[in-house]
Amino acid sequence: MHIIIAGIDTEVGKTFVSAILATLFQAEYWKPIQSGSLDRSDSTIVRELSGAVCHRETYRLTHPLAAHQAARVDNIPIHAENFSLPVTEAPLIIETSGGFLSPCSQDSLQGDVFSKWPCQWVLVSKAYLGSINHTCLTVEAMRTRNLNILGMVLNQYPKEEEDWLLNMTGIPYLGRLNYENIISKETVKNYANLWKETWEDREAKLCS
């Protein structure tokens, strides 16, 4: 099982979701591109929160910019052919950088590069002004690429807006995130327990 975690934008909760799913499935983790925060990378955070084995990033860029910009500043050209799925028999959680259609290189988008892999996708949407539009546009872009969308995780939406989004997009609900002042290993474990039944039901439907 390979699951790619995509977002409608940057800073929507992808790393938090990755840690939860790594805990839930005892999965390994991989982030193909890390831009900035190399001393406190998303791989480091996921490892601390879940204990997951984390595969080294293909590209480690020093500036917290979009991948193509960070690569330009570092003078490290990104080539799509350099990305390859880590070899593992364990479930694998893959976290993209930024939003679904964020640049991967000077001439490619992450959504196009990573959609070539035989993976399932989870979309993370966080409530902010304009997020409903961004969510609907992202779902449309994912469907245009015929991706296997497992479902959506909703971050800090009011219940009525959750219902509206799920009804309008037709994307299955996989869990919600509340505002957390501090995210700890215990927080992640609690969410994994909360989501367990929803994910088991989703897996059962996929197998039926």
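Each residue, glycine too, has its Cβ placed from N, Cα and C.
Quick caveat, the model's predicted, so the values are computed rather than measured.
Same-site candidate for Mg(2+) binding, as annotated by Swiss-Prot with Thr15, Glu95, chosen from Asp39, Asp42, Asp163: Asp42. In three-state terms derived from DSSP, Ser35 (substrate binding site) belongs to an extended strand segment.
Asp42 (ATP binding site) falls within a helical segment according to DSSP. If you count neighbouring Cβ atoms within 10 Å for each of the binding-site residues Glu11, Asp42, Glu95, the highest count belongs to Glu95.
Within the set of recorded positions Lys31, Ser35, Glu95, the entry lying nearest in space to Gly13 (ATP binding site) is Glu95 (CA atoms). Each of the binding-site residues Thr15, Ser35, Thr96, Gln156 was scored by the other Cβ atoms within 10 Å of its Cβ; the lowest score goes to Gln156. Residues Glu11, Val12, Gly13, Lys14, Thr15, Phe16, Asp42, Glu95, Thr96, Ser97, Gly98, Asn155, Gln156 are listed as the ATP binders, and the farthest two of them sit 21 Å apart at their Cα atoms.
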